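> According to TrEMBL, the protein has these features:
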DOMAIN    8-112  domain 'BTB'
TRANSMEM  186-205  transmembrane segment
TRANSMEM  240-259  transmembrane segment
TRANSMEM  271-289  transmembrane segment
TRANSMEM  343-364  transmembrane segment
TRANSMEM  385-402  transmembrane segment
TRANSMEM  414-443  transmembrane segment
REGION    453-480  region 'Disordered'
Amino acid sequence: MGLSDDKDRIVINVGGIRHQTYRSTLRTLPGTRLSWLAEPDAPNHFDYDAKIEEFFFDRHPGVFAHILNYYRTGKLHCPADVCGPLYEEELAFWGIDETDVEPCCWMTYRQHREAEEALDSFGGGGLLDLATDDQEPEPEHAEDDVDEMTRRLAQGDCPDARSGSLWSRWQKYVWALFEDPYSSKYARWVALASLFFILVSITTFCLETHEAFNPIINRTELEVVDNVTVEHTYQETETALYLTYIEGVCVVWFTFEFLMRITFCPNKFDFIRNALNIIDFVAILPFYLEVGLSGLSSKAAKDVLGFLRVVRFVRILRIFKLTRHFVGLRVLGHTLRASTNEFLLLIIFLALGVLIFATMIYYAERIGANPNDPRASDHTHFKNIPIGFWWAVVTMTTLGYGDMYPQTTSGMLVGALCALAGVLTIAMPVPVIVNNFGMYYSLAMAKQKLPKKKNRHIPRAPQPGSPNFCKSSISSQPQSPIAHDDVFEIKFQGMTLNK
């Protein structure tokens, strides 16, 4: 019995840590890398030391302990002190499906995925995107001086290549100049200029509604009625002319910025689809249409001009352009987008509460009504249930305008319950939204402060015992390095043919 146990026992050295188990244990998960160690010809396909009778793998020893425990117990848990991508790579190396992770550790395992998706969302398309990812990454390692000179000479011999590289270089530089405030000091100056014009434009938009900048003037209009000229005098407001000039200067800058960005953008289609760019165009267009139609006197032109003056409120959308310069605004946009489910849940809770308490307050206020009042509503503000919807919303959000309030004891009791229910309803989804904001803000700060990788170590051929080295009797050159995946694919096919 003891001899059979020694023969079934196997020693696996992972990263310098020796692990002992039984071949029968490794066979519990067929098709995985460790299960192939239980095959009789395994020493021919792995890094095996016949003297000490052990297999060696240059992998993470801490993760392997959890993986080996999975073979023993059938339960796969995640170590809390290992980064998620590393654990994912180890699972892929040992041939274990990530869906085997236990439910208690699934959220821990998914944390790195959520972080990566959040970082990708900062660089991908959408309402608010970081411009830093639109640039090409820096080369991973510095080129040799001779290679660099050869490359330049080769480009100089070809006019097309030289012109193409010149356009690519200028396109990248100008695009970063207007899109990424952190790319250079000149980009910061452009960003400051854009920020200045945005604030001036928004200030002008607000001042145009003030009475001091909208004096009342008398206008005279001549109209011919039955061959008789009739003079009509009417009054209207006119915006101060210097505010229009200031807005014109701002629009000229926005137009220049928009044209430069659309000319040098790497992808025109993605540029047109971007919501911020659509806002830029919509905010610029009404000004030019208004200027073009202001000199016309036809009734249709005046009607269109009046409509354009109404839709000038789209200029306030320029406030969203500040998201290019402030990380906090980008984080807020990502938080709102990531918390859609929580907002929908909040709206559903509020809708249910509004319906319930509006109905309760309507009937509660009917108690003690004057018998001579056929509608029983003279003594209360709640004439019907739809009016109670407004009161319920104001009360549940703890706003309390005071325009409507219960006047009976039963109504006051319903009002107190409505206020308490509103506090609890709003308090439930808010922590999730706050956590999302904290996560996005920390990731944004980390990505902003993350240093760029400039140099990497010089790669070398895989060494014996490394993850990418494996011996194979099939190969004609015993010393040539063969990837694990290729070897096991060949081995698996051979096992299938043998069967």
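Quick reminder: no glycine exception, Cβ is built from N, Cα and C everywhere.
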> For the transmembrane segment (414-443), find every same-chain residue at least 6 residues outside the stretch whose CB is under 8 Å from a CB in it, and list them.
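Counting only partners 6 or more residues beyond its ends, the transmembrane segment (414-443) has Cβ contacts under 8 Å with 114-115, 118-119, 122, 327-328, 331-332, 334-335, 338-339, 342-343, 345-346, 349-350, 353, 357, 360-361, 364, 392, 395-398, 405-406.
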> Would you mind giving the whole-number mean pLDDT across the domain 'BTB' (8-112)?
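For the domain 'BTB' (8-112), the model's average pLDDT rounds to 87.
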> At a C-beta cut-off of under 8 Å, are there same-chain residues at least 6 beyond the transmembrane segment (343-364) that contact it? List them, or none.
336, 382, 384-386, 388-389, 391-393, 395-397, 406, 408, 410-411, 413-415, 417-418, 421-422, 425-426, 428-429, 433
